[in-house]
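Q: One structure, as structure tokens, below. Some questions next.
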Amino acid sequence: MAASLPLPASGLFRTYGAAGGGRPRRRQGLAAVQWFPPQDRKRFFSSSSSDTSSGGPSQSVVSDDPDDPDFPGSPVGQRRRRAGARLAKGRPSQIATPRRLRLRSRCPQKCSTPCGALEPPSFPNGNPGSLSPDLRVCGQPRDGGELGTSASLFSSLASPGPGFPAPEDSICTDPSTFLDAASEAPSNFHLPEASLDQAPLPCSQDAATGGGRFTRLAHQAQASLRSALFSFLDPGNPEDSELGTDGKNLQEFCHDRELVGRRLESPGLSGRGKKRTTDQDSCREIESQESVQIEYEEARGCKGGIASGKSNGPERTRLSRKRKHQGTAETSLLHHCQVTKGQKMEDGSCVTQDLTRLQNACSWTKTRASFSFHKKKIVTAVSEVCSCDTLAGSLSESLMSEYSHHPVQNRTSCALSPWHSSSMYLLTPLKTQQVTDKRTSDAEKLYGECNQVGPIPFSDYLSEEKLECCEKIGEGVFGEVFQTVTNHTPVALKIIAIEGQNLVNGAHQKTFEEILPEIIISKELSLLSDEACNRTEGFIGLNSVHCVQGSYPPLLLQAWDHYHSTKGSANDRPDFFREDQLFIVLEFEFGGIDLEQMRKKLSSIATAKSILHQITASLAVAEASLHFEHRDLHWGNVLLKKTSLKELHYTLNGKKSSIPTRGLQVNIIDYTLSRLERDGIVVFCDISRDEDLFMGQGDYQFEIYRLMRKENNNCWGEYHPYNNVLWLHYLTDKILNQMTFKSKHNTPALKRMKKQIQHFYQTMLNFSSATDLLCQHSLFK
């Protein structure tokens, strides 16, 4: 039996990757299966069940998919049954992973793929729940298991994580090699910290009632249990499919989950029955059980077991008022239960480990689809978001710049064509509308955005000439991304299946209602390039949207096959769609290569300064125009492309300015978690109960999620532009600590510029918004 694989690294939130693996299994017509917990709760705490080829503990995501890269544990023998228990009929035996498999070339991994390092990131201060003041903690390990954020150029259409997908992506290219971390940030600077605590109670309409409070406590208990239990879940054979390769394990799968689902109703999770773990691992099992018990009691309001203390926010030099509803933050004990196994690997199991890494990376996108990462946007009126009392006590209220208070402008003249004018009015909630009428209304709105009266055939939109030059360049749970040429200009086509019954890459297809906000958000930010009062070209351009019908064109399937044979695909081959299947095709401009892949390719630190300047200006314009927060601006969502322009121009509140390009233009993508507002309508993604998103470790990206939650007190409908500052701080950290430049800092000008960026890094958290930074900070003077 092959040796167990190590515990996973921090699972970073991504939509797709270029990792290859075993050929994806096609599951035509597979209906969604209701979630049921597995039967044997002893599997929750088996220390051998948490092993994988990645290098550190991961509690960012929970999964019931045996292909989950966070939990592809060691081969498992037949499960012992308890005395008096009935033996399930027709239960197939589990087969151990073969010791040797044929060698396959390893596809390059992006540092956001959950694989690599064989140990969890070290925390010099001894507290795994927070980041060390030393900025080098955020660096990447040297063995290829980097813990950077998602490098995807496109994100799937619905999710928080990282997120859910959004249709605002562009072109993806091959990933670059991994980078050895080099920390050059000031040693005396303290990173902002937000403890791995329970979330503040999410703001909702039931908050004022006793029933609402009970509901929130129940949700917290469920989230805590889910995160703890499935972090230690034994998935069995990592090569098996979600319900068995041939579907024969479906009955056992659902039966096991149903039994454990009943047991989880009570807090009595302490071990009963025989143990499957070794003596060496039994103490870890008991510790894990006690942690889950404490988490359960904490969610129910039980006293004792957890020491409470106030979590510290970013350090400011100015005064700020205390939050009215500031509560104590309790550090979760789940993160103290993380362990790694130093088992010796035989020569033959190295091949298995390499192959499993590829399979794990490919299944990561399907994992996200199974656990609340693909939610629809919430559309509501400004007056219905959380109370202004919470906003008044936010971390940054006392620092709000005068530029942040300008009302959202009525920006676009209604005399323009529909595609060149705002469509936010289409999202106005109609509470009195019937369900059937609403679906028809949503379809009509979408067809209106497409300038169609109904779906058109694939061939009417994609001519034979366009199809012949199509090349697949990216993918996600949402679907596929192809590059083609339109009017002698390269464009990216994002193809998303909608309104169908079949699962697509493990996720339900979106409806007209769910896809419409994604389209309109991309359109609103793209339209900022045409505005007068607040103008920027820093957001990816959306050229057109079409709704097509039919099966996948053969030439696109050929492009899909070529991508799979050269890079490896995590998606199912899209050949199972019927003739009546609907697709949304979003045509984006060419966006370039993401910052993560360019981390070794930039010419000098001066180029990095231009990148920071362009991103800050784009966010500032979006703040002034749309009260915009990106909320997931990791370096995989920053695209760079070459430009011959010496300067880029933007307009903020009527004032025109320019930025030196240094030969590169920045495009921001992926509005999955974003929040924007216009004409009294707010569109946002409510992640208040997605506890797994806030429990990641090993990268500064995870700390940003927690700091955002602390800033807005877990009310995600509110406007808090300070969240944009937090993401700019994250990007500056990446530039200083994890990027290398072709030209070293050997000239006085470059040395002076590096010191300016270091000063920017040290002082930027004292500013209230991207607008405040752009107008007031010395780096941009």
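Placement of Cβ uses the backbone N, Cα and C atoms for every residue, glycine included.
Since this is a predicted model, take the numbers as computed values, not measurements.
This is the feature table in Swiss-Prot:
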BINDING   473-481, K494, 589-594, 632-637, 670-672  ATP binding site
COMPBIAS  46-63  compositional bias 'Low complexity'
DOMAIN    467-781  domain 'Protein kinase'
MOD_RES   S58  phosphoserine
MOD_RES   S93  phosphoserine
MOD_RES   S132  phosphoserine
REGION    1-102  region 'Disordered'
REGION    261-290  region 'Disordered'
REGION    303-330  region 'Disordered'
Q: If H, G and I count as helix, E and B as strand, and all else as coil, what does DSSP give for G591 (ATP binding site)?
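A: Note: G591 (ATP binding site) is coil by DSSP, not helix or strand.
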Q: Summarise the model's confidence over the domain 'Protein kinase' (467-781) as a mean pLDDT value.
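A: Residues in the domain 'Protein kinase' (467-781) carry a mean pLDDT of 94 in this prediction.
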Q: I'd like the number of other C-beta atoms within 10 A of the C-beta of G636 (ATP binding site), please.
A: 32
Q: For G636 (ATP binding site), which of the three DSSP-derived states applies: helix, strand, or coil?
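A: In three-state terms, G636 (ATP binding site) counts as helix.
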Q: State the three-class DSSP label for I473 (ATP binding site), counting H, G and I as helix, E and B as strand, and everything else as coil.
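A: Reduced to three states, the DSSP call for I473 (ATP binding site) is strand.
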Q: Quick one: give me the count of other CB atoms within 10 A of the CB of D632 (ATP binding site).
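A: Neighbour count, Cβ to Cβ under the 10 Å cut-off: 31.
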